[in-house]
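**Q** Handing you a structure now.
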């Protein structure tokens, strides 16, 4: 058994590298980017990322093929589900005001390898999503001119018939992406003002659609004669909800911009709530107007709003709708091109990607190289790939990012505070009590007490020297007892100690919660898979179906109980979500996007060896230091060199530093 430990040590060290967490600096507001975005700027960025072509295309498609007029309920339920995910992003953006969105949140809470996977996955999502929107923008503009651009390209440039490749190179889509990338490289203020302009035009057009549409509304289009309000029943409403959910994808641009916000602790949650409320209101009201103007079963899925006004005798309104659609798609393009290079910048800053992409232009204060390189790659995708082939890859990556962010929120809440100095990143962390003066009473430290609570008790103890009353002493004792009963985050609650203390008492704070969250996710996915595919695809016998449902349900409930049995961080000054409930399902065909995880070659070939957390660990493992307070008030520092395993000798040295009292004995 002893021989197994050295043999397993390389595997253990590899696992530690893969799961190391990002260490935040003491000043989380420090950045090489420019903090200039207000709450209004962030809210309009979020609205621009969510209210795009889906408002003009998705409403008609879901209403005709999936839900009927009940598409209103589908957007309402999808908006509530999106709110749960958006609040998770808002809490993280307020607590960790760093760019990187889901990548950064996962790195802080879960681990390096998972952060790299999520980050690379989100990069691909933005690239594919931006290329798909550019193709839709080009196709919509081409349809206004009766497809003359497509015909000219096929006749005078080239045409090919290859699977997954467009029939002709879309020069217009690639060109708009290149132009947008150039504008975004001019700085965050230029990007923000462009988004303001397009968002303002889009909002004016939406207001026109609502006012004029309600004037043309006919309640008979929701009557039983036309099929009723919910012709496809509850299943149609829920199927429409799953599709409408992706209309709200885009609010994460707010969290990705947190490093450029003036006051992220306040601006991120407020902007997220405002943008999501505006987007949900727009989708619900427009779908209401659309299904009241014309019967839902006669809608044109490709241009529902323009066709509805044309059939009511107002063909001129179609041009206004076209202008609004193009402006809305411009805001989505800006949102994708704004967020993508910042995630690349965050990964490069952490050493997980090539350092050239972390260079910030000293004038514009944006990562220009990352913007231009990945904007060009996005333009290349839009140039040659078909829109349908691009859209197939969009769904599962978004769900993975949302799932990891929601899980990271839970893990982070139950972890003890960790700072750069505490992690061995080159400095040492001294307790407030160690710097106490000789005349100040020292309060015994407790691992379950936070620094603020220790300082409070010390202050109270100092006040007792002045008053020396029995009631004050009794109050101090009671307060100290209450503080000690409130244990540190990640530790078992006092009421659960008699039942779970023997089993979980030796675990580090937060480890049990991390394991429980992982078990919670696995059991939830397995339970959904059994319920959805157990009888149809897997053809399970009834006894095995019931057994699996019971086992996974018990695992789910036990994981919830274990999480609830541990102490949570209660005193946080930033925005905090209290409850997170999100249940979604997707067709199994979309899991084909797992192929993009071949990007692990980039991580194992480059990222794991150049990670700044790895360099921090190497520097922190050279020496370890601890401070001791002597009765005389002098401060003694003991430094011991740490040798690798297997060495038979160690070298120890002790150095003594003089405290503020300048005790001459401390220099001996």
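Any Cβ shown, glycine's included, is placed from N, Cα and C.
Unlike curated records, TrEMBL annotations are generated automatically.
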**Q** Kindly point out the range from 102-123, 124-145 that TrEMBL annotates with transmembrane segment.
**A** 102-123
**Q** Could you check which of 314-338, 339-363 is flagged in TrEMBL as transmembrane segment?
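**A** From TrEMBL, the annotated transmembrane segment range turns out to be 314-338.
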**Q** Please identify the range among 430-452, 453-475, 476-498, 545-567 that TrEMBL labels transmembrane segment.
**A** 545-567
**Q** Could you check which of 8-28, 197-217 is flagged in TrEMBL as transmembrane segment?
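**A** Residues 197-217 are the ones TrEMBL records as transmembrane segment.
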**Q** Among the residue ranges 384-418, 419-453, I'd like the one that TrEMBL describes as region 'Disordered'.
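**A** The listed stretch tagged region 'Disordered' in TrEMBL is 419-453.
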**Q** Of 229-255, 580-606, which span is tagged transmembrane segment by TrEMBL?
**A** 229-255
**Q** Which residues of the chain, 6 or more past the ends of the transmembrane segment (70-90), have a CB below 8 A from one of its CBs?
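**A** Contacts with the transmembrane segment (70-90): 59, 62-63, 101-102, 105, 229-232, 236-238, 240-245, 247-248, 251-252, 254-255, 268-269, 272-273, 276, 279-280, 283-284, 287-288, 291, 402, 405-406, 409, 575, 577, 580-584.
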**Q** Given pairs 6 or more apart, does the transmembrane segment (39-58) have at least three Cβ pairs under 8 Å with the transmembrane segment (545-567)?
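**A** The transmembrane segment (545-567) and the transmembrane segment (39-58): touching, no.
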**Q** Sort out the residues at least 6 away from either end of the transmembrane segment (267-294), same chain, that have Cβ-Cβ distances under 8 Å to it, and list them.
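**A** Contacts with the transmembrane segment (267-294): 37-40, 42-47, 49-51, 54-55, 59-60, 62-63, 68-69, 71-72, 75-76, 79, 82-83, 86-87, 89-91, 93-94, 97, 206, 209-210, 213-214, 216-219, 221-222, 244, 247-248, 251, 254-255, 258, 261, 304-305, 308-309, 311-312, 575.
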**Q** Same-chain Cβ contacts of the transmembrane segment (229-255) under 8 Å, 6 or more residues past its ends?
**A** 42-43, 45-46, 48-50, 52, 54-55, 58, 61-62, 66-71, 73-75, 77-79, 81-82, 85-86, 89-90, 92-93, 101-102, 105, 129, 222, 268, 271-272, 275-276, 279-280, 283, 296, 332, 335, 338-339, 394-395, 398, 401, 584-586
**Q** At least three Cβ pairs under 8 Å linking the transmembrane segment (171-190) and the transmembrane segment (314-338), pairs spaced 6 or more in sequence?
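**A** Answer yes, regions in contact.
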**Q** Checking distant contacts: for the transmembrane segment (545-567), what same-chain residues at least six beyond its ends satisfy Cβ-Cβ under 8 A?
**A** 410, 414, 486-493, 496, 500, 512-513, 516-517, 519-520, 522-524, 526-527, 530-531, 534-535
